[in-house]
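Features of the protein shown, as given by TrEMBL:
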- 5-92: domain '2Fe-2S ferredoxin-type' (DOMAIN)
- CYS44, CYS49, CYS52, CYS74: [2Fe-2S] cluster 1 binding site (BINDING)
- CYS114, CYS117, CYS149, CYS151: [2Fe-2S] cluster 2 binding site (BINDING)
- 216-390: domain 'FAD-binding PCMH-type' (DOMAIN)
- ILE244, VAL245, MET246, GLY247, ASN248, THR249, SER250, VAL251, ASP336, LEU380, ARG398: FAD binding site (BINDING)
- GLN723, PHE755, ARG866, GLY1033: Mo-molybdopterin binding site (BINDING)
- PHE868: substrate binding site (BINDING)
- GLU1215: active site, proton acceptor (ACT_SITE)
Amino acid sequence: MDGAAELVFCVNGRKVIEKNVDPETMLLPYLRKKLQLTGTKYGCGGGGCGACTVMISRYNPITKRIRHYPANACLLPICSLHGAAVTTVEGVGSTKARIHPVQERIAKCHGTQCGFCTPGMVMSIYTLLRNHPEPTLDQLTDALGGNLCRCTGYRPIIDACKTFCKVSRHERIIESTSPKLFSEEEFLPLDPTQELIFPPELMIMAEKQPQRTRVFVGDRMTWISPVTLKELLEAKVKYPQAPIVMGNTSVGMWNSGGAFHPVIISPECIEELSVVNHADDGLTLGAGLSLAQVKEILKTQTYHALLKHLGTLAGCQIRNMASLGGHIVSRHLDSDLNPLLAVGNCTLNLLSKEGERQIPLNEQFLTKCPSADLKPGEILVSVNIPYSRKWEFVSAFRQAQRQQNALAIVNSGMRVFFGEGGGIIRELSIAYGGVGPTTICAKNSCQKLIGRPWNEEMLDAACRLILDEVSLPGWAPGGKVEFKRTLLISFFFKFYLKVSQILKTMDPVRYPGLADKYESALEDLHSRNHWGTSKYQDVDPKQLPQDPIGRPIMHLSGIKHTTGEAIYCDDMPVLDGELFLAFVTSSRAHAEIVSIDLSEALSLPGVVDIVTEEDLRGVNSFGLFDKGLSVQAKRAAKRVKIVYQDLEPVILTIEEAIRHHSFFQGERKLEYGNVDEAFKVVDQILEGEIHMGGQEHFYMETQSMLAVPKGEDQEMDVYVSSQFPKYIQVTWVAATLKVPANKIMCHVKRVGGAFGGKVTKTGIMARPGVIKHGCPVRCILERGEDMLITGGRHPYLGKYKAGFMNDGRILALDVEHYCNGGSTLDESLFVIEIGLLKVDNAYKFPNLRFRGWACRTNLPSNTALRGFGFPQSGLITENCITEVAAKCGLSPEKVRMMNMYKEIDQTPYKQEIDATNLIQCWKECMATSSYSLRKVAVEKFNSENYWKKKGLAMVPLKFPVGVLSTAAAQAAALVHIYLDGSVLVTHGGIEMGQGVHTKMIQVASRELRMPMSNVHLRGTSTETVPNANVSGGSLVADLNGLAVKDACQTLLKRLEPIISKNPKGTWKDWAQAAFDESISLSATGYFRGYESHMNWETGEGHPFEYFVFGAACSEVEIDCLTGAHKNIRTDIVMDIGHSINPALDVGQIEGAFIQGMGLYTIEELKYSPQGVLYTRGPDQYKIPAVSDVPTELHVSFLPPSQNSNTLYSSKGLGEPGVFLGCSVFFAIHDAVRAARQERGLLGPLKLDSPLTPEKIRMACEDKFTKMIPRDEPGSYVPWNIPV
């Protein structure tokens, strides 16, 4: 073995040679810190979000072929890259050289907002095009399956990528009545001959250099890369405990707290591990083949079950990195392939110094039984997968929280063999994943069923046997116990139906067919080919061509997002003497710290100091500094030893807070009419409640900060990813350092997503980060830390009592709201107040009483999140209306329309409202969605299908916009004109993806009557615009735009005499002339804020400036056996006034809708009974992915009808669309109700949010849900609790 190995690879065509490489170094930090290629982003560190996607290219000297594949740089050790070519987003194209068609199209199709995920998206599609220049739509969806985006809602990204597909022009439909958001005709053509070639030097090296084992030795780890089977065996004999690593997707999780291995063996280019051998009795696949390669090989009917699982297993990046052998030998409890391979009688070909050996991939192997496992020194070389025989049938099943790129909750492989026909079971194998510590085989059940005919009696017996054998305790890890038990037998029932159907086709005489109503149970839910329309009003023909207001202008940073040139906080270069801050987090929900032992942490090399509560003047927070090495700081944080004294009571849930009267301040109350009297005259009274879970912000850029002392006068620059620089400047940094605010300057260039999570929470990092040492300090939270520390949307409990007439008119409503605020007040009371003020949504309730409490619990403090209380309070109201409709025997839509505001009216807090556009949105949505026709079609479908049901629901929206205070709505701007005629604009708003900077340049362009190209905007800073309010509440463009407009008008008024003297001059001429006449070319603009007030004592006020109206109609299909659902179509109609930029506004509506859809259906935070957050990354917490977007998504704007005193009569759209996501919730509700009615379940239906597969399945009660064992509440401690 070569003890001083040299690592050689290429990055963007440039050769890289490393002689003393540390095996623990991952490609992501290497690219970002060593090579300064910051386009590749850190999003999660676990391969779950795709932000760090790069393309890896490898040359095979045997086949003479180059393989390009996408990979997650956060999981790739650089030691594994010898001889490979790495392409990052910088290598694809740049504004300095040329941009690539992928980059251009994503930007010009408006597929970027915050832009943080965009380089990863570009790389996934770029890699797809390198392999398939004209991809199919399925390939496109598959390629994007491993990339997450929190801003756009994916539709514009799909649109951009479709332009490369053969069928793009047939698939993509744009309404002819509306102008296009982009023009395909102007796009650069894709020319595969212009791509980066594989470096010839690496090709020669692979062909001619003698291959020998490479060894890389670091401080803690040794990496051995054998290149022959003989050397691999020698290494395994020498280090029998060392794992064999191919893709590093499993072992690589040591960086995320997994097991650490001092020696890693990583075989490279060993031909025997990549064998593909077709024999008469089956297929032999090398253990070193990636799952993506296996998928390509298996594209035949024979292996359709394996292919099905490989299509949804992880994302494209992980499938290209993970190896078949690694997947098998890891034996994860939720492995998708192992149950299937186990029932398929697969065998494993092993090799050791002693020779070859074959073992079956069976239950003994999967449970790691010593007699059936690999021996020390033994390696897995290949896997034999037998062909199925005649009368033998194999199927695969899985159910996950999300359709794609999500670990299965339960998965299964099933096989039956009937010998020579006759329908008598000769062999039966059933294996499950996700229901035990490893794959579980129902061996005894199968044995007892052999010899039985394939009929209903066998089915019933099989279900009971399986439930007896595969037992799951109530406290089982992962929770969802009753759901998992139901899936065990629901999957078997699906298998029974599938085999019965095949038997009928093979021998129609002997085998009866399935009932027509049962056939849909076998059909796949998930359609992948998306299309959508956007309908908006074109600008007035009289508008000047150079006036950009109302036009679909591309995001100002769009091209920079796609090229990776947009700079975010952690993209700033490392400074001399820079320290890195890492946090030590509590492991207890409610306790006192008895003692802290720092000795082990401080002894680690590079660790400089620790900041504790004493340093922070009483703030309970502390962290560790080290010399710019984030890995070492985080390692040290884990070595701090803390002794706790637990305190009682531990309050985690809303119910516990109510029981202990644990609230922040008193109740908030709003009353209108006479509720008690109204209850006396109504026909019916209904009482109910709904619980709504919280939501993680999941901004793609985690909380980030860089504090840089200036070295004199106690000055400091703070570069921070924040929505509220003033708060960081004054409340946190200046107050901590005890210096005036004029010494501290906060700068925000752009934010990689925020959604309310970067208002107050960023200060957590700022205070400890600036307290000591006078050195630059950087703090970038890891995804898990971020989710643990920063809180999110408040979980809610809503209780309601409604009095209504038999025709559906609601005359009295009494509602109680409780939110889980966590351990500190933060914005919880404000959230309750906003929730109460907006609880009426679109309805006029003549008599109502709303009360709300912010609960104090021992969880991390919750905070603002897009929609700020309304997504919760609106859902409570809509749920009440749905129940009223059910009681009256009416459709919810009819009850909604009956109770809606009509034209001029008054809100509960006595503010006037003109609801004309609300009614118009409702009617327009009814028409464009073809609601009535589709309702009939849904009912017909439901009558013909027993195990699949469709649901259709439509909800209205009234979203009041305002911040309850005039002072909180003031804004300022600063505009300079330079002597060359160029303009610099600065304002107090933060660019976090919503396009506020783009809109501000549009404003300046219109007001100064100059091209947008003449106007520049550098970023936001407390140095140029002081005391700026928080960016949020859908008002950022509105308020700051009025300030920019004011500054521009001031300048134009000053320059009028100059311009009138030389009307045909240029801006350069006018600026010089003004300067020569001593006229100032700089102006501040100011907007004092909308008049706003609210008196909670009287329950009256004018808290909001205007209302955004809208409506959404959604259709879904559910699988009653698994709880899966498909979003078929959504139509959205919005009243947005006069749009400043339709492209940005459509993006805001779609992105908010998809985020809301996630909130109400799949995003689920899990806490232990001790208050530990389980869901700390994309592996456990699922936000919508590209496959979750409705197959059809149509957005249209109501024609503007009213002028207002807002910016050009526009309306703020950042938040309203979130609530419209509940149209999917109620469509699922509708489908579940249809299933229950068919089963004779006519009682009340209580469904909480999020409406996950678990809740859908368990609500569709049937013989299988009745068959499962149930645990008595209180007889066990559950794995998780709803908070």
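Any Cβ shown, glycine's included, is placed from N, Cα and C.
Note: TrEMBL annotation is automatic and uncurated.
Positions of the features from TrEMBL, shown on the structure.
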residue	record	CB count, 10 Å
CYS44	[2Fe-2S] cluster 1 binding site	27
CYS49	[2Fe-2S] cluster 1 binding site	31
CYS117	[2Fe-2S] cluster 2 binding site	28
CYS149	[2Fe-2S] cluster 2 binding site	30
MET246	FAD binding site	23
ASN248	FAD binding site	26
SER250	FAD binding site	19
ASP336	FAD binding site	26
ARG866	Mo-molybdopterin binding site	28
PHE868	substrate binding site	25
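When the domain '2Fe-2S ferredoxin-type' (5-92) is classified with DSSP, helix, strand and coil residues number 19 helix, 31 strand, 38 coil. A C-beta separation below 8 Å, combined with a sequence spacing of at least six in one chain, links CYS151 ([2Fe-2S] cluster 2 binding site) to GLN113, CYS114, CYS117, MET700, GLY753, GLY993, GLY1147, GLY1151. Among the binding-site residues listed (CYS44, CYS74, MET246, SER250), CYS44 has its Cα nearest to the Cα of GLY1033 (Mo-molybdopterin binding site). Across the domain '2Fe-2S ferredoxin-type' (5-92), the model assigns an average pLDDT of 96.
Comparing Cα positions, SER250 (FAD binding site) lies closest to CYS52 out of the binding-site residues CYS52, GLN723, PHE755. It is 20 Å from the Cα atom of ASP336 (FAD binding site) to that of CYS49 ([2Fe-2S] cluster 1 binding site). For the binding-site residues listed here (CYS114, ARG398, PHE755), the lowest count of other CB atoms within 10 A around the CB belongs to ARG398.
For CYS52 ([2Fe-2S] cluster 1 binding site), the nearest of the binding-site residues by C-alpha distance turns out to be MET246; the candidates were ILE244, MET246, PHE755. Checking each of the binding-site residues CYS74, GLN723, PHE755, ARG866, PHE868 against ARG398 (FAD binding site) by C-alpha distance, the shortest gap belongs to CYS74.
When the CA atoms are compared, the binding-site residues lying within 10 A of CYS149 ([2Fe-2S] cluster 2 binding site) are CYS49, out of the candidates CYS44, CYS49, PHE755, PHE868. Comparing the Cα of CYS49 ([2Fe-2S] cluster 1 binding site) with the Cα of every entry in GLN723, PHE755, ARG866, these being the binding-site residues, the smallest distance points to PHE755. The 10 Å shell around the Cβ of GLY1033 (Mo-molybdopterin binding site) contains 23 further Cβ atoms across the protein chains shown. In this structure, the CA atom of MET246 (FAD binding site) is 15 Å away from the CA atom of CYS74 ([2Fe-2S] cluster 1 binding site). Distance from the CA of ILE244 (FAD binding site) to the CA of ARG866 (Mo-molybdopterin binding site) is 45 Å. Cα of GLN723 (Mo-molybdopterin binding site) to Cα of the residue listed as 'substrate binding site': a distance of 15 Å.
Of all the binding-site residues given, namely CYS44, CYS74, ILE244, none has its Cα within 10 Å of the Cα of PHE755 (Mo-molybdopterin binding site).
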